[in-house]
Amino acid sequence: MSETPTQQAVASAVTPPTPAVLVARQQHQQPEAPKEISALKRAALQVMAGGSAGFVEVCIMQPLDVVKTRMQLQTTTKALGESHYNGVFDCFAKMYRQEGLFSFWKGILPPVIAETPKRAIKFVCFEQTKPLFLFGAPAPTPLTFSLAGLTAGLIEAIAVNPFEVVKVAQQADRSKMKEAESTWSVAKRIVKTDGLGFRGLNKGVTATMGRNGTFNMVYFGFYHSVKNYVPAFEDNTQEFIRKVLIGFTSGTLACFINIPFDVAKSRIQGPQPQAGVVKYKGTFRSIGIVYREEGFRALYKGLVPKVMRLGPGGAIMLLVFEYAYEFLQHKFL
């Protein structure tokens, strides 16, 4: 007598599965173990992901960087007359009326060119120097993250300072975009006039080191310390918001701490108040001059556009880096 479908189903459930069936089930149910990534491959992926993050962040946030530099360079109302900016929105309005829309992207080429090596240095140095600052701890501590970030920022600053000198010179130019010097022309003029040393393309390098070092110390130290204490969400939207908030807070805190170095950097690398006379020379000397002549608040000039740029900019950079790194892992490994 042939078995009914119900009897066949019962028999199938009672009969033990064969070894081949068990192996197939295990392979189907258990996720594949993650592939081991060599240090060289990991560094290469960090370079590509970091370059992507830097490019996106610069293109979106460059107008705020230009406004920040303009506000940091101005001194007194009398000296600048009608060109004086009374705030962030006044600066935006005057630049648009007097120089045109594309003036907000003045000096964008140097940071775009520098972003890939800059982010590569930042992330690779941060990862590679973390073991040096464990101090016997079994896992990285907040101090580890902060010191590794500081080291990465100092090294990064030395590499990108020549690009910063050219960028500030372009951003300080108030002529219309079509009349402004090209990036290459500005660089050649600086080298021809002042050379490659600390009066030329490496002018203000210590201020850049102070700015980038303190920023990355706070940025990485806060982000990596806090994210371990803020529970992750399974929902993609909630997890995205969590990362945005941590990144935004990290960038904002770093801005408040490092902006005096940023003001000094802009004064040193930008046009001097009197042609032929170098007034701002040396990081702490420049900070002292600004404090004595313009007051404590002058050391925080450009804070609003800086926070508007590096707060969301910090979130953008971290998110693009993480998602780009994850995409590259799936794509190439």
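First residue shown is number 1, and so on along the chain.
Even glycines carry a Cβ here, placed using N, Cα and C.
TrEMBL lists 41-132 (among others) with the feature repeat 'Solcar'.
Taken as a whole, the repeat 'Solcar' (140-229) shows an average pLDDT of 91 in this prediction. What TrEMBL lists as repeat 'Solcar' is 140-229 (among others).
Feature annotation from TrEMBL assigns repeat 'Solcar' to 238-327 (among others).
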Counts of helix, strand and coil residues, the repeat 'Solcar' (238-327), according to DSSP: 74 helix, 0 strand, 16 coil
